[in-house]
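Below is one structure. I have some questions about it.
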């Protein structure tokens, strides 16, 4: 065992020495902790405090109201959206940042149902004042039954308000329930519990073949692996920015609206920021052109500009490189766990096949809550998902192979 | 004229010397500018940068994910809500902070329609899956036609999604359109353009007499005058925190749900933060007790904790004192304008009667856009609302009588 440990430690050192992202680690505030919870809250990028101090003291403190124009506050949602775009395979002009993921799921789903109905001619003109509850036509929203729960709760509300029926199924069963009643399908790109990656290209194609719209939640994949929104023809997508994008606690989420759908994107939250002429203060709503339709109210500037600064870490980074390191990290961690942990003590819920794996490893054991508590006490931070899952997230920008080996070692000692 | 100026300057000095809020000015970052745009973006409270630096470097940077518990991040929405509560006349446990005003208007209106219908027995059980478009019953949402436009746009969307008809009327005409078809009424406490204060107690009573729910938008009054939500039996209220509450650009808004309605508050945005057991990750939605039902997604911590720090400025401050100073300031400014500006050059749109006045003065003149641009160049910052309104907001915590006199003087010179 001690020989094996020496071998794996040596291997970790060699992998870290060869890691082309290794230098990125210095751009984050890290300490002796092995931080494997970046899939819940990304670590602090070192440049954020300085940038936000400038926003507070200069932009808010001195320029005050003038900063809406002079400091570019007003256009931050679309400007930051365009910086996230290449990380999820989107051309510019299709993403705006703002609101929470839950609120964006709501916008996306209601808008998707309206577009699907307009295409069928069953939804009326789709303009202001038309009913959202036509009889017949596309009246089903299919939702990933294994998804992070908020998506299901919001989907239920969207269904209720648009007169649809909610159809919860496991992602693999989606093709079997699609039909001419399906308006929209909401799927999570990766299962938050197991880390399983779902087949975005294949499922999107199946949804389109049924004449429905595909809405993807990218919370657990954006910043960890290539998504390819444009390439795979995804209709709408949402995601948070506080996991692999390191935007800060509760940082604003984003919504992607495919360019060809923007003119039909009919938001259920048409706030003044999505108006064609926001400062015209006109009583009638007229939607802005483009992705701006996804905006709602006044953008949350402090959180938003912290997010913008955090995205500097992506300069010069290829998502393919990130993906390669992510898979190498999770492979290596699983090997270390297998080598160190007594057989049968934990069960990996994370798929062995690369094509089915996100950037986290989920291990099941009956005493997971207690085990995670003790891991955290020993400086290895993952998280616990009830009732029995240990989650370890691997953020390729700052997690090292040495971290992975140490985490497995401490885990083995804790489980012993 | 010069004698008059001397008199008014002397009076300003005396008023400032007697101002019991004068010491509060030191708690804000101000300079030689006369800042009369706190009704759009409040000035920076001096303690905010230090507090947010601590949040970033210690809470996010060191504790990371542990801060959700250990730094009180998770409970920030209700904790900060309870700090806003006394400023708007609410007992604790009825306000949560989060999302934008527009999003909160949406929650409040859809929930109000559902409650009104449940009370009538026309809306079904109101539980998950019931239709929001019953025939007959209460099917009208009355909205202030002079309100800040976003409220109208969102009300239109809430009406469309609940099968209601939107009835836009001037606030004074509300009583005349109320009836047994009225489900909810959305009113702005003060007109954003003219500064006119609407009769919250009287209109709320009239709305209740018709069996409908009263939803008030407090953006332009919270922090400037007593609102008395509990006292006047308001059902639901929303407001922003970046005007008289000085919470920062785009700081999170809030929603008030009267205690007696909380068990019937059925949110159209039931995100995981409003679940009875958020970390249970249960597929079925079960609403939390109390005001927590107004929460949606993960709270935007950086902006939220900046807001929390900004509220320190209210320690030891009575809203009645603030109101008295606000009226004295706007009275004094109007007197200075009358004394300095040639008769007929501007027209005050702000009511002379105290009971009808908020905390801003609106002056109409044909060249208002150009005039405001030149005022800003001379260090007097108000704002322009198309097509012809100069707005001057008076934040009693940091605006002095000397500021008011100087602003009128520079205005007169600019208009000459």
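Glycine is treated like the rest: Cβ placed from N, Cα and C.
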According to TrEMBL, which listed range is region 'Disordered': B:99-119, B:120-140, B:141-161?
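It is B:120-140 that TrEMBL annotates as region 'Disordered'.
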B:75, B:204, B:298: which one does TrEMBL list with B:101, B:102, B:148, B:149, B:150, B:151, B:217, B:220, B:242, B:272 for the pyridoxal 5'-phosphate site?
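It is B:298, as the record lists it for that site.
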Report, in sequence order, every one of the recorded positions (B:101, B:217, B:243) having a CB within less than 8 angstroms of a CB belonging to chain A; if no such residue exists, report 'none'.
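Cβ contacts with chain A under 8 Å: B:101.
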What is the maximum Cα to Cα distance, in Å and rounded to a whole number, among the residues B:101, B:102, B:148, B:149, B:150, B:151, B:217, B:220, B:242, B:272, B:298 annotated as binding pyridoxal 5'-phosphate?
30
For the C-alpha pair, I'd like the distance in angstrom between residue B:243 (N6-(pyridoxal phosphate)lysine) and residue B:148 (pyridoxal 5'-phosphate binding site), rounded off.
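So the alpha carbons of residue B:243 (N6-(pyridoxal phosphate)lysine) and residue B:148 (pyridoxal 5'-phosphate binding site) sit roughly 14 Å from each other.
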Within 10 Å of the Cβ of residue B:148 (pyridoxal 5'-phosphate binding site), how many other Cβ atoms are there?
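Total other Cβ atoms inside 10 Å, all chains included: 22.
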